[in-house]
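Trainee: Heads up, here are the entries from TrEMBL:
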BINDING   Ser64, Asn114, Glu160, Asn167, Tyr191, Tyr243, Val261  substrate binding site
DOMAIN    331-403  domain 'STAS'
REGION    401-439  region 'Disordered'
Amino acid sequence: MQTPVPDYLQQILDECGAPNTGATADYIPELADADPEILGICLATTDGVRYDAGDADVPVSIQSISKPFVYALAIAELGLDAVLKRVGVEPSGEAFNELSLEAKSGRPRNPMINAGALTTHALIGGGTASVEERFELVRRGLSDFAGRDLSVDEQVYASELDTAYRNRAIANMLRNYDLIDIEPEDVVRGYTRQCAISVTTRDLAAMAATLANGGVQPMTGQRVVEPAVVRQVLSVMMSCGMYDAAGDWMTTIGFPAKSGVSGGILGVLPGQIGIATLSPRLDSHGTSVRGVRLCGRMSKDMGMHIMEPPQPARSVVRRDRVLRAPSGHHVRVLSLQGTIQFSAAEHVLRIVQGELDGIQRLVLDLRRVDSLNDVAERMLAELVRRVQLDGIAVTVLDPEDRLPKPAAGQPVPDYSPDLAPFADHKRLRRRTAVERRKR
Ligand SMILES: NC(=O)CC[C@H](N)C(=O)O
């Protein structure tokens, strides 16, 4: 058996390839001359597998797709608060290269437009790095996301720098308002070099997968940034990544994404996959025409809109039974399973609440639980606390120590690695409400 994923990718390339409308970026001579027929796609899983079709190995300059990653590096280096002082997080509703600042705060509106991206670039290296050192930090950071050493397309760099009048204007504006502390020309040079870093569609998918994977590069296993940084970056990509087409993108395609004028689109399905497409002809927003078509198609075929979350796969309650101990005590054993977040934890609290009459001990079995998020941890710990305050003993089966230990002065439950202490208990015929409902 061969997985059908590559066949599917080839099929959508065939079906979404025509018509090849739009135009290559004309304000950067080297991009204007790009081969307009290039068409590539790649999906990368969070466990390090990549599927591709078409021209997924053709290198292009990364352009604006570098922006979310340099934003991530800046937050990792300086902390979010320091970055927020210089760059906002509001969608601009404007073109990527607009000469504008937020009226109230005077900051660039977000890190995805050029004004914000030039500012973000200037933050790297803490204001003391040279142009070369700053660029090297950026290059190494992007390489970590990609899982391989990336280099610069010197021709694209020279070509864009030659004509970077608009970015020079933006950088001068930023310097005038003290949003950057270094020479505007140095920032333009570093940022333009950043945009000229050469990547393939496969690289972009790997970079996207690192974001999908909470900041750990799936192929190298390296933690590149913390989950909180990824959350910030994906949120800004979601609201601002598509510039003045962000609302249209969000409603129709529905996963955080970033486009670049060399024709790439990078998308992230948090927790699942990284997505990348490449086709150089652009629409009026500077976004790849066929890339939008491909992303729309994938979103529809594979249910990738993040506002359409999957139903929880199975009930959080794996088993719920009442046993009678040789002493005559009644023990309720509640075995949980799966991924527990707020709604599943709420369900557990609710079913316990109604069903503790005549019970002397609650056994909370967490051995088959895959993961508990923060809120679920706190809610289940609170359940354990309250049940004990009601005079019912609690045993927790939590060999991986996921449940927070009680605070000082609070009742402490018993801990057991397994159900052995309850082995001699006889199952009572009495069923709990949950089991009655399940039948
Ligand atoms: N949208 C883009 O990809 C723009 C990046 C390009 N280097 C610029 O600054 O104009």
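From the backbone N, Cα and C atoms, a Cβ is placed for every residue, glycine too.
I'm curious about the neighbourhood of these features; can you describe it?
Mentor: Long-range C-beta contacts of Asn167 (substrate binding site), restricted to its own chain and to partners at least six residues apart, with a cutoff below 8 Å, comprise Asn97, Asn114, Leu118, Val188, Tyr191, Thr192.
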Trainee: Report the binding-site residues (Asn167, Tyr191, Tyr243, Val261) that meet this criterion: Cβ distance to the nearest atom of ligand 1 under 6 Å. Use sequence order and write none if nothing qualifies.
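Mentor: Listed by sequence, the hits are Asn167, Val261.
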Trainee: Max Cα distance spanning Ser64, Asn114, Glu160, Asn167, Tyr191, Tyr243, Val261 (substrate binders), Å?
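Mentor: Of all Cα pairs among the recorded substrate binders, the widest measures 21 Å.
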Trainee: Please list residues from the chain of Glu160 (substrate binding site) whose Cβ is under 8 angstroms from its Cβ, counting only those at least six apart in sequence.
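Mentor: Once residues fewer than 6 apart are set aside, Glu160 (substrate binding site) is near Ile28, Glu30, Leu31, Thr192, Cys195, Ala196.
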Trainee: Could you list the residues of the same chain, at least six apart in sequence, whose Cβ is under 8 A from the Cβ of Ser64 (substrate binding site)?
Mentor: Phe96, Met112, Ala117, Cys195, Lys258, Ser259, Gly260, Val261, Gly286
Trainee: Whose Cβ, among the binding-site residues Tyr191, Tyr243, has more other Cβ atoms within 10 Å than any of the rest?
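Mentor: It comes out as Tyr191.
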Trainee: Once the chains shown are all counted, how many other Cβ atoms turn up within 10 Å of the Cβ of Val261 (substrate binding site)?
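Mentor: There are 26 such Cβ atoms around Val261 (substrate binding site).
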